[in-house]
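Q: Following this message is one structure expressed as C-alpha cells.
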Amino acid sequence: MSDSPAPRGHGPEAPSAPRRHARTLAAPGADPSTPSTRADARHGESTHLTPQGPPSGRTTGLPARALADPHLVYDPLPGDGPKDVVILGSTGSIGTQAIDLVLRNPDRFRVTGLSANGGRVALLAEQAHRLKARTVAVAREDVVPQLREALSGLYGTGEPLPEILAGPDAATQVAASDAHTVLNGITGSIGLAPTLAALEAGRTLALANKESLIVGGPLVKALAKPGQIIPVDSEHAALFQALASGTRADVRKLVVTASGGPFRGRTKADLAQVTVEDALAHPTWAMGPVITINSATLVNKGLEVIEAHLLYDIPFDRIEVVVHPQSYVHSMVEFTDGSTIAQATPPDMRGPIAIGLGWPERVPDAAPAFDWSKASTWEFFPLDNDAFPSVNLARHVGQLAGTAPAVFNAANEECVEAFRAGALPFNGIMETVTRVVDEHGTPRGGTSLTVADVLEAETWARTRARELTAQTAEARA
Ligand SMILES: NC(=O)C1=CN([C@@H]2O[C@H](COP(=O)(O)OP(=O)(O)OC[C@H]3O[C@@H](n4cnc5c(N)ncnc54)[C@H](OP(=O)(O)O)[C@@H]3O)[C@@H](O)[C@H]2O)C=CC1
Ligand SMILES: CC(=O)[C@@H](O)[C@H](O)COP(=O)(O)O
Ligand SMILES: [Mn+2]
C-alpha cells in the first residue's frame, strides 16, 4: 500500500540508471586495455568480467567468481555529492549504528529511504525527520496513522512529509528505490525479498541480513553482479579485508572467529537450565535479540559458515571456526605459505557497516581503534561441538544446499521465538531444529532453487517446528 500522493521511488521493473558494478584489477601482463588501477577503472566502461585469475597462468582450483571479492574494483563513488543510501531495519541495532555513521559523515552518505517493521514508530519518525528521508516504509499497516501523526508533529507547517509505504512488501519497494546502496539490516529470512529486489534494481547491497543469503543462496548468486554485494557481518567484512592480502590461489582456509557467547565453557547438561535473560547477556556485542540468542546457541556461527561459503566460494572443509572470547579478531585468512592475516578492532559494528557503505574507501574514525598503551589478552580456543552442535548441523545443511539451509534457518527462527516466550528450553532449540532438518530429508531446488521452493520449505519447517515445540511444552507441563 502506498500512502503517497506521488510516489517518487522507482520499482524494480523501472529502475533508474543502472548502477555500474565491479571489474577486476588487471594482473601483470594483462591486456593493456584493461584498467590497471581503480582510478583508471572509474573512467572506463564497466563490464561484468570474470575475475582475473592469478598471474603466470596458475589456476586457483576454486570457482572463478565469488559473490564478494576485494580484488574487484568496486562501484565508483559518485563524483557529485554524497552516496544515496537506503537503510532497511533502520530502528534496529545495525540500522541505528548505520545512522550514527551517516550523521557523522554527511559529505559521504545521504539517506533516501528507511524501513522498519513498525514496532518503534516514534524512533522511525525521528530518523526520517533528522535524515530528511524521501521514503519511509513500515511492514505493519496498522501503525500508519501513528507514524503519520508522529511525522506531522516533527515536520513544520508546509514542510512535505516523506512518502509512506506500508505493508509486507514495503521494505522490498524501498529496497528497489533510486539509491546507490541498500543496507539490509532487517532480522530474519523475511529479508530475502528486499535483498533480491535491491540486486535486481542494480543497487549495491551492504548485507547484514545474512539470513537472506543463507536461505536464498542460488537466487542471490544468480542475480548479483561481481562487486554488487559488500558483506557487513563482522566476520565476513574481516574476511573481505584479509582476502585482499593474496590471490584466491593463495588461500588455504578461512578461519571464522566466534565469541563463544554467554555460555562458553558450559556443558550440554549445564545448558539445560539457562534462562532467556542469561542467553541475552552477550559478552562482547550489543545486538538485536534474535542474533543474540543465535550467538548463545552458536547457530549464528553456523549461519556464518554457510555465509562465508556462499560469499567467498570456499568449500566447507576449508572454513574453520575458532573461539575467541574477546571478539577483537573478527576472522582470519590462512594462506598457503602458512601466513595468517587477521582483521582486528575493538568490537563495534560501525567498522563493518562503514566497509559496507563506504567501500572501496575507508571512512575515517568509523569506530574506535585499539589503545596499545593498555595491556590486553587475546585468547583462542577450539569449539566444543558436543555442547554446541549447531555449527556441524549448519555445515551439513550447507552441503546439502537447495532448501536445506532455509529449513534450518526457519526452524531456528521459530524455536528462538518459542524459547523467548518460555515455551522451549534452551537445549530444545537445537533438538527441535535438528529434528526438523532430519525430517526434511533430501532438499529440493539445488542450484535451480526458486523463491517458491524457499517459501514452501520455510512454511513447512515453521509449521513442523511449532508442532514439535507444542509437544515439548505439553510434555513439560
Ligand atoms: N546487530 C549486530 O551487531 C549484527 C547484526 N547482524 C545481522 O543484521 C540483521 C539485523 O540485526 P539487528 O540489527 O541486531 O536486529 P534488530 O532486532 O536490532 O533490528 C531488526 C530491524 O529489522 C526491522 N524489521 C523486522 N521485521 C521487519 C520487516 N518484516 N520488514 C521490515 N523491517 C523489519 C525491525 O523493525 P522494528 O524496530 O519496527 O521491529 C528493526 O529495525 C540480522 O540479520 C542480524 O543477523 C549481523 C552482524 C551483526
Ligand atoms: C557482530 C557480529 O558480526 C555478530 O554476528 C557476532 O559475530 C556475534 O558474536 P558471536 O561470535 O558470539 O556469534
Ligand atoms: Mn557476525
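Cβ coordinates come from backbone N, Cα and C, glycine included.
Pulled these from TrEMBL:
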BINDING   T91, G92, S93, I94, N209, E211, G288  NADPH binding site
BINDING   K210, S234, E235, S259, H282, S295, N300, K301, E304  1-deoxy-D-xylulose 5-phosphate binding site
BINDING   D233, E235, E304  Mn(2+) binding site
DOMAIN    85-217  domain '1-deoxy-D-xylulose 5-phosphate reductoisomerase N-terminal'
DOMAIN    229-312  domain '1-deoxy-D-xylulose 5-phosphate reductoisomerase C-terminal'
DOMAIN    346-463  domain 'DXP reductoisomerase C-terminal'
REGION    1-63  region 'Disordered'
Q: For H282 (1-deoxy-D-xylulose 5-phosphate binding site) and N209 (NADPH binding site), what Cα-Cα distance in Å is obtained after rounding to a whole number?
A: 19
Q: Any of the binding-site residues S93, I94, D233, E235, G288 with a C-beta atom under 6 A from ligand 3? Give them in order, or none.
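A: D233, E235, in sequence order.
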Q: Which binding-site residues out of G92, E211, D233, G288, N300 lie by ligand 2, going by a Cβ under 6 Å?
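A: Going through G92, E211, D233, G288, N300 in sequence order, those close to ligand 2 turn out to be D233, N300.
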Q: Do you know offhand how many angstrom separate E235 (1-deoxy-D-xylulose 5-phosphate binding site) and E211 (NADPH binding site) by C-alpha?
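A: Cα of E235 (1-deoxy-D-xylulose 5-phosphate binding site) to Cα of E211 (NADPH binding site) measures 15 Å after rounding.
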Q: Counting other Cβ atoms within 10 Å, pick out the least crowded of the binding-site residues G92, G288.
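A: Fewest other Cβ atoms within 10 Å, among the binding-site residues G92, G288, is found for G288.
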Q: Note down the number of other Cβ atoms within 10 Å of the Cβ of T91 (NADPH binding site), including every protein chain shown.
A: 23
Q: Can you give me the same-chain residues 6 or more apart in sequence from N300 (1-deoxy-D-xylulose 5-phosphate binding site) with a CB-CB distance under 8 Å?
A: A258, I291, N294
Q: If you draw a 10 Å sphere around the Cβ of E304 (1-deoxy-D-xylulose 5-phosphate binding site), how many other Cβ atoms fall inside it, taking every protein chain shown into account?
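A: Summing over all protein chains shown, E304 (1-deoxy-D-xylulose 5-phosphate binding site) has 28 other Cβ atoms within 10 Å.
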Q: If you measure from the Cα of S93 (NADPH binding site), which of the binding-site residues K210, D233, E304 is the nearest?
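A: So, of the listed binding-site residues, the one sitting closest to S93 (NADPH binding site) is D233.
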Q: Between N209 (NADPH binding site) and E304 (1-deoxy-D-xylulose 5-phosphate binding site), what C-alpha distance do you get in Å?
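A: With distance taken Cα to Cα, E304 (1-deoxy-D-xylulose 5-phosphate binding site) is 11 Å from N209 (NADPH binding site).
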Q: How many Å lie between the Cα of E304 (1-deoxy-D-xylulose 5-phosphate binding site) and the Cα of I94 (NADPH binding site)?
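A: Each residue's Cα considered, E304 (1-deoxy-D-xylulose 5-phosphate binding site) and I94 (NADPH binding site) end up 17 Å apart.
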Q: Go through K210, H282, the listed binding-site residues, and name the one with the sparsest Cβ surroundings, counting other Cβ atoms within 10 Å.
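A: Checked K210, H282; of these binding-site residues, fewest Cβ neighbours within 10 Å: H282.
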